[in-house]
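Taken from Swiss-Prot, the feature transmembrane segment covers 4-24, 28-48, 65-85, 95-115, 158-178, 371-391, 393-413, 437-457, 464-484, 493-513, 533-553, and the record attributes it to sequence analysis. Annotation comment: Swiss-Prot describes 192-276 as domain 'RCK C-terminal 1'. Residues or ranges marked as domain 'RCK C-terminal 2' by Swiss-Prot: 279-361.
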Amino acid sequence: MSDIALTVSVLALVAVVGLWIGNIKVRGVGFGIGGVLFGGIIVGHFVDQAGVTLSGDMLHFIQEFGLILFVYTIGIQVGPGFFASLRVSGLRLNLFAVLIVIMGGLVTAILHKIFAIPLPVVLGIFSGAVTNTPALGAGQQILRDLGTPVDLVDQMGMSYAMAYPFGICGILLTMWLMRLIFRVNVEAEAQKHESSLANGHSLIQTMNIRVENPNLNNMAIQDVPILNSDKIICSRLKRDDTLMVPSPGTIIQAGDLLHLVGQPTDLHNAQLVIGKEVDTSLSTRGTDLRVERVVVTNEKVLGKRIRDLHFKERYDVVISRLNRAGVELVASSDASLQFGDILNLVGRPASIDAVANVVGNAQQKLQQVQMLPVFIGIGLGVLLGSIPLFVPGFPVALKLGLAGGPLIMALILGRIGSIGKLYWFMPPSANLALRELGIVLFLAVVGLKSGGDFVDTLTQGEGLSWIGYGIFITAIPLITVGLLARIFAKMNYLTLCGMLAGSMTDPPALAFANNLHATSGAAALSYATVYPLVMFLRIITPQLLAVIFWGMG
């Protein structure tokens, strides 16, 4: 058997063993995809004992390409919501998550200085303690750039594996500890979260208002400032028994019922100006109007603003709301359409069908993957990661590398959505498949390279010490920030758990947090809010630590 065939066969065996290990769960918690690392260590140990030689060049390529696939698909997935998460609504969560990252780096620096831990080892412990695989890849790359021997670079994977198990357990123990210390009632916390959402600014809601302000009688909708803004959409108007789709030029009269869509605060402001909120139904049932959701799949409308498509003027159809990447938005006239946007339309059946034809509404296209944008994005990401950033006093130039470059490029492209006929939307199933494939390949190679010396290091070397260092790096930031967030910021417990899981970019911890309450989405929401920024920082941090430690000698 050739070296290439043997290498592929061994990698397949690693994946099988590792995924089987990952599926083993204790009280609903397992290693998940991280099991592949331990599968690689097990197989690598026996491969080393048998004296089998694998293709080093091929293993290196597979490791790097797997990492690129993983971080690129993450960026494409979270890109549409990344920049929004940095705004005020998620600022507090992101600040606490960033504090966890910074504290982890500081604890790592202190341990390195006090105990003189070798640089590759301490970076591996850091990456494993925070359960972040791309950090491992970024750290290994910067070490190679610094001229570190290959055998020492491989030590990073070994120390990563030592610290990884408690990295997962440490998050779960912190969640349990917070619940114990503050005597948390999970059901009550879930109800508080739902109440805060209902009273907050994040949900798009509707309100039916009767026109009672005499100053608005016989005025056109476009002449009423509150109705001629991008914050409120008037999607239906009922006069006597007639329901209609209003246009900007529609004249409103006293007694008209308006169906408005917007955020709660804006709806309240509109109600103060227009009149009184009523419980009267403005349903399209039994009328010649209907409400339908259509999806944007036509390349010709991608990037065009809603106002430029003139749906109201041409088809007498109103877009009442827009759903992008699972987030409900007011359909602002300045909003540009992206592939996969879901539009809520109100109008007559024939008119809605006409608009659906314009925007595409081809459901099968949502399951298709444009491969050209994928490789354009990966290529641009690799180029971005290769650009050197020279910092005075540093021995080597900083680079985003193969972990950071594709991630940043994917975030940007995911936010842009489309350029001409190229769109960076990827079906969730395809994104997940590529992401899982990438991380399996990466972890399999890391495990194989670490497996030969793993047992000896654990039983006869410094393996137990490495585990101890990892416990400090995991526990100190999580417990400290958890206490601060709960005591001073009065953070909801479920939101706190999601933030802690997101700060470690740890899906098993998110699964545990989600299981705390069957119906609440609080943990998943906070996890998604902090995940993009934290992932970026986790990739950059080991590079900064490596350069700083290297410069300190």
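Cβ atoms are placed via backbone N, Cα and C, with glycine included.
The list of residues near the transmembrane segment (464-484) in space but at least 6 beyond its ends in sequence, with Cβ under 8 angstroms from a Cβ of it, reads 96, 99-101, 103-104, 107-108, 111, 115, 117, 121-122, 125-126, 128-130, 159, 162-164, 166-167, 170-171, 173-174, 177-178, 181, 458, 496, 500, 503-504. Proximity of distant same-chain residues to the transmembrane segment (95-115), defined by a Cβ-Cβ separation under 8 Å and at least 6 residues beyond the stretch ends, is recorded for 122-123, 125-126, 129-130, 465, 469, 472-473, 476-478, 480-481, 484-485, 489, 491, 499-500, 502-504, 530, 533-534, 537-538, 541, 544-545, 548-549. Counted with DSSP, the domain 'RCK C-terminal 2' (279-361) comes out as 23 helix, 27 strand, 33 coil. Highest Cβ contact count with the transmembrane segment (533-553) among the listed stretches 4-24, 158-178, 371-391, 393-413 falls to 393-413 (criterion: pairs under 8 Å). Put simply, of 158-178, 371-391, 393-413, the stretch with the most CB pairs closer than 8 A to the transmembrane segment (493-513) is 158-178. The helix, strand and coil residue counts that DSSP assigns across the domain 'RCK C-terminal 1' (192-276) are 25 helix, 30 strand, 30 coil.
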